[in-house]
Amino acid sequence: AVPVKKEEPKKKEAAAAPKKEEPKKKEEPKKKEEPKKKEDNKKVLANGLIIEDVKVGTGAAAKSGKKIGMRYIGRLVNGKVFDKNTSGKPFNFNLGRGEVIKGWDLGIQGMMLGGERRLTIPPALAYGAQGAPPDIPRNATLVFEVKLVTLK
């Protein structure tokens, strides 16, 4: 009976040690969760397209074949705006039909009505080696801030 009594305090100490470690474990995931949330909002596809959800919408999701209306600001990586639609009639097109650059057809898929995204589009999914003179140089990576405003 005496050796059992000696082991019991050890068990209590062992049980107490994980309790002391638990708050540390709880604090660490909190620190890790914040970057994860940002990473969850950011997807890097194999083709180099970067999709970041700035604001997740609450309406219907954009799918291929749907006619959608967008607000957007298009910039070069140096910050120079080359095109935008921020007022008046939204920019309308049929998603997934090749009516826009491939980076848009891919990057807007699944976006929900009212949502906002930042699309960082590599040249291969934009205007490629030829660019779109005079505003978009050759081999330009494009950054679009897009907002889905209509969906039919």
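The backbone N, Cα and C atoms fix where each Cβ goes, glycine too.
No curator has checked TrEMBL annotations; they are predicted automatically.
Fair warning: this is a prediction, and the values are worked out from it, not measured in the lab.
Features of the protein shown, as given by TrEMBL:
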- 65-152: domain 'PPIase FKBP-type' (DOMAIN)
- 1-42: region 'Disordered' (REGION)
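As a whole-number mean, the pLDDT of the domain 'PPIase FKBP-type' (65-152) in this prediction is 97.
In the domain 'PPIase FKBP-type' (65-152), helix, strand and coil residues by DSSP number 12 helix, 38 strand, 38 coil.
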